[in-house]
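Novice: Swiss-Prot feature annotations, pasted as is:
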ACT_SITE  Ser217  active site
ACT_SITE  His244  active site
ACT_SITE  Asp340  active site
COMPBIAS  136-146  compositional bias 'Polar residues'
COMPBIAS  168-200  compositional bias 'Polar residues'
DOMAIN    205-398  domain 'CheB-type methylesterase'
REGION    133-200  region 'Disordered'
Amino acid sequence: MAIKVLVVDDSSFFRRRVSEIVNQDPDLEVVAVAVNGKEAVEMAAKLKPQVITMDIEMPVMDGITAVREIMANNPTPILMFSSLTHDGAKATLDALEAGALDFLPKRFEDIATNKDDAILLLQQRIKALGRRRMYRSSSLTPTSTIESRRSTIAAPETNTPRRPLSSRLASTTTPVATRSSLSTTSADRHSANPTTSSISSIRASGKQYKLLLIGTSTGGPVALQKVLTAFPANYPHPIVLIQHMPAAFTPAFAARLNTLCKIEVKEAENGDVMRPGCAYLAPGGMQLMIERSGISGRLKVISGTQEMNYKPCVDITFASASKAFGGDVLAVVLTGMGADGREGARMLKSVGATIWAQDEASCVVYGMPQAVASTGISTHSISLDNMAEAILKESSRG
């Protein structure tokens with residue numbers, strides 16, 4: 001049965017084109033369109049769509065207000081369309097905090113010119129959000145309660161890469177991988193649905209860590225906010241965050257996290273020397289590498305090859321960390337589409353690093369975490385509600 005979609009936008013052109021694109025996919029069906037947030041709230045209650053696409057700036061009622069009302073009364077997966085501006089980034093983050101699950105840049109030229117990748121991406125995102133049941137987390141931030149959802153593994157966010165990942169990682173400016181380090185092992189035959197580890201079952205390893213890595217995609221802004229706001233100002237290690245996000249969005253996201261967290265959060269800059277208690281967010285549209293500099297680490301921001309599906313790419317950063325810090329790394333893969341992070345995590349594990357994944361039930365999209373959990377790369381699958389406590393418990397021994 002096709003996933004029922006409600007399209008909300010005050011632009012008649014955008015409503016028509018989004019509806020056409022959605023209806024091109026036999027697994028999707030537009031059941032109605034709305035011209036403002038007020039109509040969206042009413043139609044969500046009446047029609048019970050499985051996914052809503054939502055504009056932000058609309059008359060009568062804006063998209064953010066509509067998201068709040070829908071999530072309060074008829075919780076539904078919502079995909080926001082956002083302009084690639086500083087104000088657009090801030091508004092999108094507000095919408096995600098209000099309960100929207102994902103966003104896409106609102107590019108009229110892509111929609112108008114029938115760009116295949118833009119069409120496929122929209123269809124994939126809607127299908128990923130439509131394959132889920134409700135999951136209610138405890139309060140995700142000091143200021144709001146956000147909904148999370150469960151889903152089956154979703155398709156990648158973009159088309160199939162032109163070259164194997166091993167060669168694409170090797171083509172970055174810092175050698176980070178060998179073909180043998182990417183080979184499939186017996187761990188790849190592990191269960192596709194690992195059980196969730198309780199806090200009591202996670203025993204601190206006593207390892208002396210030097211770095212915490214967190215990689216994520218769809219659902220990541222809310223998940224990162226929940227985890228990082230629980231960290232004390234004196235968290236003992238540097239933190240590197242890799243979130244799939246456009247270049248216009250990462251400065252605003254880093255600034256928002258910095259205002260909410262006790263630790264310092266900043267967008268990573270080329271040459272940054274990593275400090276304990278500071279989180280460095282990979283800049284959108286670039287690749288973030290980690291290099292060893294004495295007893296600490298230094299960050300290198302590069303443009304990277306165009307053949308990588310993601311900028312920033314979790315695999316790239318994880319792989320560079322395996323070379324720079326070896327086993328002295330705790331790496332966590334949170335909610336996200338696709339499998340970015342799996343091969344980088346495999347490299348980290350091969351040198352003795354600790355890998356954890358978010359559990360299926362608390363993910364917005366169980367793609368990236370499943371990629372490391374089902375292959376046996378991660379040692380624990382942990383609920384988002386327990387992730388910060390688990391990280392602090394493990395880090396305290398470092």
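Every residue gets a Cβ built from N, Cα and C, even glycine.
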Novice: Just to be sure I understand the packing, how many Cβ atoms besides its own are within 10 Å of the Cβ of Asp340 (active site)?
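Specialist: Neighbour count, Cβ to Cβ under the 10 Å cut-off: 30.
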Novice: Taking just the CA atoms, what is the gap between Asp340 (active site) and Ser217 (active site) in Å?
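Specialist: Checking the Cα atoms of Asp340 (active site) and Ser217 (active site) gives a distance of 9 Å.
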Novice: Among all protein chains shown, how many Cβ atoms are found within 10 Å of the Cβ of His244 (active site), not counting that one?
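Specialist: For His244 (active site), the count of other Cβ atoms within 10 Å is 23.
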